[in-house]
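Beneath this line is the structure, given in structure tokens, with notes to follow.
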Amino acid sequence: MSTEQVEQQIQVSPDRKNGQRRFFRLNEIITEQTAANRSLIAILQAVQEEYRYLPEEVLTYIATALDLSPATVFGVATFFAQFSLEPKGRYLVTVCDGTACHVKRSMAVYDAICRKYDLREGKLTTPDMLFTLETVACVGCCALAPVMIVNGEVHARITREAAVTIVDTLANRKEEE
């Protein structure tokens with residue numbers, strides 16, 4: 001696939017202006033990270049922050065821009081669990097299931113959110129792309145167990161009710177926009 005074809009694919013968006021903005025931002029990320037002698041991982045982290053996942057056509061473009069094989073870029077993107085090739089919701093809700101959190105019933109928190117938003121294994125993002133629910137082995141906040149993190153904001157000693165209230169509040173915020 002030529003660079004022009006990849007550029008065209010990346011810019012395809014229901015909102016053409018948004019697609020062009022994202023493409024411009026993608027090029028900024030590559031330029032900034034390359035100038036700072038950052039690694040491919042740093043580029044992928046910045047791109048995932050922008051897109052909320054790593055689209056296939058973007059990975060191909062990165063490979064072309066960095067003069068790497070697509071296999072190298074895809075290999076790094078699929079090796080590390082922090083990267084996702086699937087679209088994520090605007091809010092990433094992560095429930096810790098490390099030993100301390102598990103003992104304090106973190107999975108009850110996870111299950112309550114799943115029930116409320118009709119999420120299940122294989123379908124952990126809401127249809128409106130507002131939320132993605134995940135578990136993580138340990139976030140390192142064992143003294144605060146159980147822990148839920150929403151877009152980097154830690155919620156300590158979380159209960160099922162509090163977790164659902166937090167997610168509902170974010171959902172209501174979206175409706176007001």
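Keep in mind that glycine also has a Cβ here, set from the backbone N, Cα and C atoms.
In TrEMBL, annotation is done automatically, which means it is predicted and not curated.
Per TrEMBL, the features are as follows:
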BINDING   C96, C101, C138, C142  [2Fe-2S] cluster binding site
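Known features from TrEMBL, placed on the structure.
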| residue | record | Cβ within 10 Å |
| --- | --- | --- |
| C96 | [2Fe-2S] cluster binding site | 28 |
| C101 | [2Fe-2S] cluster binding site | 27 |
| C138 | [2Fe-2S] cluster binding site | 15 |
| C142 | [2Fe-2S] cluster binding site | 15 |
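Residues C96, C101, C138, C142 make up the record's [2Fe-2S] cluster site, and a Cβ search at 8 Å around their centroid adds D97, G98, T99, A100, H102, S106, V136, A137, V139, G140, C141, A145, P146, V147 from the same chain. In the three-state DSSP reading, C96 ([2Fe-2S] cluster binding site) counts as strand.
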